[in-house]
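One structure below.
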Amino acid sequence: MADQTTLSPALLDYARSVALREDGLLRELHDMTAQLPGGRAMQIMPEEAQFLGLLIRLVGARRVLEIGTFTGYSTLCMARALPAGGRIVTCDISDKWPGIGAPFWQRAGVDGLIDLRIGDAARTLAELRERDGDGAFDLVFVDADKAGYLHYYEQALALVRPGGLVAIDNTLFFGRVADPAADDPDTVAVRTLNDLLRDDERVDIALLTVADGITLARRRE
């Protein structure tokens, strides 16, 4: 989520000055998204999207699944990181927000690598499992409605190959997960997933305090 970080503004500016590789096309999409109602709260921070691209290269991912497209900034970053023959399936409940990012995918020359699925994510994931079978993806990125996180995680774990990676965004959720008084459904859902991940022996995990928290879960072989 945009600007959701524990770093001071000065330290964030410094980190970006020495490590962020956001070109003009990405910046244009980032700025356009920030102008949307709720856009700054919903869009991924650029350094986190860059990190996802690095993960794709580190894992050697050729088949990537993204649950939650929004305006497609992270989609673009991940598509650019794919090797020859790679492909990303990204799904969203509506074509309203992905429609903003699609022209940027075209301008970047990666639109042919992106398979956008519109509709309920639970149904899309079921269709992918039926069509492609379990273990069809090398990396899955989860960044959708928090109420569905438990279901998305279980589906992602089935769809990712042994040794593959599931990356889950917003696992610190504006700090509300650490507030016992925060009992809204979204916070409870994220907190419940975090508890499950801690004890899940099917995966190796690390929760990184990048942006709003991103948990990496490697499916054990």
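The backbone N, Cα and C atoms fix where each Cβ goes, glycine too.
Positions annotated as S-adenosyl-L-methionine binding site by Swiss-Prot, on the basis of sequence analysis: ILE44, GLU66, GLY68, THR69, SER74, ASP92, ILE93, ALA121, ASP145. Residues or ranges marked as divalent metal cation binding site in Swiss-Prot: ASP143, ASP169, ASN170.
Locations of recorded Swiss-Prot features on the structure.
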residue	record	Cβ neighbours (10 Å)
ILE44	S-adenosyl-L-methionine binding site	29
GLY68	S-adenosyl-L-methionine binding site	23
SER74	S-adenosyl-L-methionine binding site	29
ILE93	S-adenosyl-L-methionine binding site	16
ASP143	divalent metal cation binding site	25
ASP145	S-adenosyl-L-methionine binding site	13
ASP169	divalent metal cation binding site	26
ASN170	divalent metal cation binding site	24
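Calculated from their C-alpha atoms, the gap between SER74 (S-adenosyl-L-methionine binding site) and ASP143 (divalent metal cation binding site) amounts to 10 Å. The shortest Cα-Cα distance between ILE93 (S-adenosyl-L-methionine binding site) and any of the binding-site residues ASP143, ASP169, ASN170 is the one to ASP143.
Per the record's binding annotation for S-adenosyl-L-methionine, residues ILE44, GLU66, GLY68, THR69, SER74, ASP92, ILE93, ALA121, ASP145 show a top Cα-Cα distance of 19 Å. Here ILE44 (S-adenosyl-L-methionine binding site) is positioned 9 angstrom away from ASP169 (divalent metal cation binding site), judged by their C-alpha atoms. Cα of ASP143 (divalent metal cation binding site) to Cα of ILE44 (S-adenosyl-L-methionine binding site): a span of 9 Å.
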